[in-house]
Amino acid sequence: MASALAFVAVLLAAAAAATSPAAVAATTLTIQNLCPHPVWPLVTPNSGLPSISDNTARLDPNALISLAFPPTSWAGRVAARTGCDATASGCETGASPPSTVAQLSVHGGGGDVAAYSVSLVDGFNVPMVVSPQAVGGGQCPVLGCIVDLNCDCPPGQRFSDGAACRGPPEYFKNRCPLTRTTPTDVEPVPQSCRAPGELKVIFCPPTMVTAAGADADMLIRTVVADS
């Protein structure tokens with residue numbers, strides 16, 4: 001009887017292993033600078049979560065850095081600091097508001113599900129998009145803003161001689177509808193992104209959306225930065 005029970009236990013274990021979903025490789029965070037000036041990425045984890053960057057890297061134009069998410073869930077923010085000194089301190093913009101912020105989260109061991117957005121709630125300093133790569137399925141739109149909102153920033157909202165813009169939210173949303181501009185704002189496109197192999201944050205992307213006309217629906221396409 002004992003040997004029969006042991007045999008059954010082995011069969012059950014084998015069946016469970018056969019029906020379990022395959023492990024997903026840990027998601028990578030890639031940050032690329034396509035701006036014509038250096039940028040110092042600032043990666044900040046949410047409270048209680050581990051840091052994945054020492055935040056000392058300087059990205060010259062076309063440079064990139066890749067960071068590994070931990071094997072468990074992680075959430076945090078990515079901002080672009082500009083005008084920093086050699087020690088990545090004393091930055092002109094990005095270390096505090098107003099600044100463009102990518103909000104990222106990966107859930108489940110290996111990042112089975114990813115959620116992301118580009119927030120202008122704290123203001124704007126550089127154009128930024130989040131582009132999922134090597135996705136496992138679901139809806140994974142490119143989100144963010146490709147417009148330099150500093151150029152037409154209302155005079156009373158300009159910061160640091162025009163290097164950043166405080167708002168208002170209506171100005172941001174009209175120019176960059178695929179961003180979040182208030183605490184309750186969401187993008188007008190669905191998102192349910194499963195198992196992306198990489199989340200790519202791109203500063204100053206050259207293009208993100210196309211439209212057939214002024215009243216046409218926006219066509220979302222993936223931005224693939226040169227690596």
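Cβ coordinates come from backbone N, Cα and C, glycine included.
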Which candidate, CYS153, CYS176, does TrEMBL give as the disulfide partner of CYS165?
CYS153
Neighbourhood of CYS153 (disulfide bond), C-beta criterion under 8 angstroms, separation at least six:
PHE124, GLY162, CYS165, ARG166, TYR171
Row CYS165 (disulfide bond), column other C-beta within 10 angstroms, all chains, value 27
If you skip the near sequence neighbours and keep only those at least six away, which residues in the chain come within under 8 angstroms of CYS91 (disulfide bond), Cβ to Cβ?
TRP40, ARG81, THR82, GLY83, CYS84, ASP85
